[in-house]
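K.L.:
Sending over a structure as structure tokens; questions will come in a sec.
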Amino acid sequence: MGSPAPHQVTTTGNHTGPTSSFTPPSFTVRNLPHLSDYLPQTGNHTGGGDQIAGALPSVPNPIDSNPYYRPSSTFYISPSDVVLSSILFDTTVANSNSDTTNDVQVASPLAYLRAGPRRIINFDPAMVRAAIVTCGGLCPGSNTVIRELVVGLHELYGVKDIYGIPMGYRGFYSADPIKLDPDSVHDWHKKGGTMLMTTRGGFDLEKIVDAIVKHGYNQLYVIGGDGTMRGALDIFKELKRRKLRICITGVPKTVDNDIGIIDRSFGFDTAVEVAQQAISAAHTEAESAVNGIGLVKLMGRSTGHIALYATLSSRDVDCCLIPEMNFYLYGKGGLFEFIDQRLKRKKHTVIVVAEGAGQELIARTESETLEKDPSGNPLFADIGVYLKKEFKKWWDQAHPGELFTVKYIDPTYMIRAVPPNASDNLYCTLLAHSAIHGVMAGYTGFVSGPINRNYGYIPLEDIAVTKNVVDTKDHTWAWVRSVTNQPDFGISED
């Protein structure tokens, strides 16, 4: 699907100067799972019937009769509306852009179905029984997503049976659901954490799906990070295998911003903003000491987005260390040489390090390297504590008897536990409403999110295998180095 004539460039001239027209390469539309893939549709406009199994109803969208919306002729999203995953092209090169999904390179850019309300939906709102769950670590905005899911389902579509699942995935089979309505969640967007409580682990596919069927849920809204999304994908596959009329969608949550394809995950903007407070404190401490170092460890297990954007936002940072970039301590071009030079010139220095950076420098036993948390993530050694110890050891050797101070700040729990800022609050609302519209239209096994600032629906299987990592060869990382003037930490010459 796409343009029939890729790579056509024509140049014209007029009184305003020459212009060029460019026909981009053809693109591939990514199929989105739908209940109709394995369930028949009734073809009528009546609801009722078994909402767990059986044929799909076709119902006019109740937003049509909502006095607050008054939908225009362009309000509803067409089934053919798509969002391109790539919008940068080289006009001199045919097929100048491509995409990778499921580790397979495709010759043309991918397109995803555009998110938003559909004119015909596949759920009778009176028969919907929705469940909302938060999993994994805390993240600013989780409560806003919950609130907007509840309010959106209730006010836009008239859904009354909405339940919160406490304790993460294990709550499906080990805890009582919590009835939710707009009144009970009215101020949740002002609170940090998650009012539903959360845990890591506890994923037992059979128990979870059996509990979903037992409670009669036919819509599932799963809020979590990459591990949670992989769990949601497994649930989707099991629901499909059993041919159940149950939709599941994921709302991507991670302050690390490591979920791929979408522009960003919620909570990230807030994390960068709050990180400024820690960096500012570290700068004050370092500047007020003799040969002072302010060391700040920020979240970022496999990606360094928070450290990167906090560095660019602060301008007080002298060196930014991220997982995507190896570095070394001793020798020419190493971190210690850089710190020594910076202290001689500025009398203080501020270093920001992502939690996943430099793990290869820390000596650990084989069993320690294999340890994992309940979510299955590798347990990392504390790079902040390690660097603080190594800084003091190096200074005592290189500058014996001279004054030196390291102030180490780890704001991890302060950052992830705060309420969302205005940007994330708005973003969470758009994510929640996009998810609702997709599920009501019968789509399942997907994630909603902005793709080049336009909201689209992305299959869970794409999200589960795609990472958003910092490209240390792009302009953004070059900007970091221009701000900090830090070395590129190539191979040590010693």
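Note that Cβ sites are derived from N, Cα and C of the backbone, with glycine treated the same way.
I grabbed these lines from TrEMBL:
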- 1-57: region 'Disordered' (REGION)
- 8-29: compositional bias 'Polar residues' (COMPBIAS)
- 129-437: domain 'Phosphofructokinase' (DOMAIN)
- GLY137, ARG200, GLY201, GLY225, ASP226, GLY227, THR228: ATP binding site (BINDING)
- ASP226: Mg(2+) binding site (BINDING)
- GLY227: site 'Important for substrate specificity' (SITE)
- THR254, VAL255, ASP256, MET299, GLY300, ARG301, GLU355, TYR413, MET414, ILE415, ARG416: substrate binding site (BINDING)
- ASP256: active site, proton acceptor (ACT_SITE)
K.L.:
Based on Cα coordinates, which of the following binding-site residues are within 10 Å of THR254 (substrate binding site): GLY137, ARG200, GLY201, GLY225, ASP226?
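P.N.:
Correct set: GLY137, GLY225, ASP226.
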K.L.:
What count of other C-beta atoms do you get within 10 angstroms of the C-beta of GLY225 (ATP binding site), across all chains shown?
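P.N.:
The answer is 24.
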K.L.:
Just going by other Cβ atoms within 10 Å, which of the binding-site residues GLY137, GLY201, GLY300 has the emptiest spot?
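P.N.:
If we count Cβ atoms within 10 Å for the binding-site residues GLY137, GLY201, GLY300, the smallest count is at GLY201.
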K.L.:
Using CB atoms and a 10 A radius, I'd like the single residue among the binding-site residues ASP256, GLU355 with the highest neighbour count.
P.N.:
ASP256
K.L.:
Quick one: pull the CA-CA distance for GLY227 (ATP binding site) versus ASP256 (substrate binding site), whole Å only.
P.N.:
13
K.L.:
Mean pLDDT over the domain 'Phosphofructokinase' (129-437): what is the value?
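P.N.:
When the pLDDT values over the domain 'Phosphofructokinase' (129-437) are averaged, the result is 95.
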K.L.:
Going by C-alpha distance, which of the binding-site residues GLY137, GLY201, GLY225, THR228 is nearest to MET414 (substrate binding site)?
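P.N.:
The smallest Cα gap between MET414 (substrate binding site) and any of the binding-site residues is with GLY137.
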K.L.:
With every protein chain in view, what's the tally of Cβ atoms within 10 Å of the Cβ of ARG416 (substrate binding site), excluding that atom itself?
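P.N.:
ARG416 (substrate binding site): 21 neighbouring Cβ atoms within 10 Å.
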K.L.:
Taking only the Cα atoms, work out how far ARG416 (substrate binding site) lies from ASP226 (ATP binding site), in Å, as a whole number.
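P.N.:
So the Cα of ASP226 (ATP binding site) lies 16 Å away from that of ARG416 (substrate binding site).
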K.L.:
How many neighbouring Cβ atoms, not counting its own, are there within 10 Å of the Cβ of ARG200 (ATP binding site)?
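P.N.:
Its Cβ has 19 other Cβ atoms within 10 Å.
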K.L.:
Rounded to a whole angstrom, what is the C-alpha distance between GLY225 (ATP binding site) and GLU355 (substrate binding site)?
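P.N.:
With the alpha carbons as reference points, the distance is 17 Å.
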K.L.:
If you measure every Cα to Cα distance among GLY137, ARG200, GLY201, GLY225, ASP226, GLY227, THR228, the residues said to bind ATP, what is the biggest one in Å?
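P.N.:
Site span for ATP, by Cα atoms: 13 Å.
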K.L.:
Looking only at THR254, VAL255, ASP256, MET299, GLY300, ARG301, GLU355, TYR413, MET414, ILE415, ARG416, the residues listed as binding substrate, what is the longest Cα to Cα distance in Å?
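P.N.:
The two farthest binding residues have Cα atoms 17 Å apart.
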K.L.:
Near the Cβ of GLY227 (ATP binding site), how many other Cβ atoms are there if near means within 10 Å?
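P.N.:
The answer is 21 other Cβ atoms.
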K.L.:
My understanding is the cutoff is Cβ-Cβ under 8 Å with a sequence separation of 6 or more in the same chain; which residues meet that for THR228 (ATP binding site)?
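P.N.:
Correct list: CYS135, GLY136, TYR169, VAL222, GLY250, LYS253.
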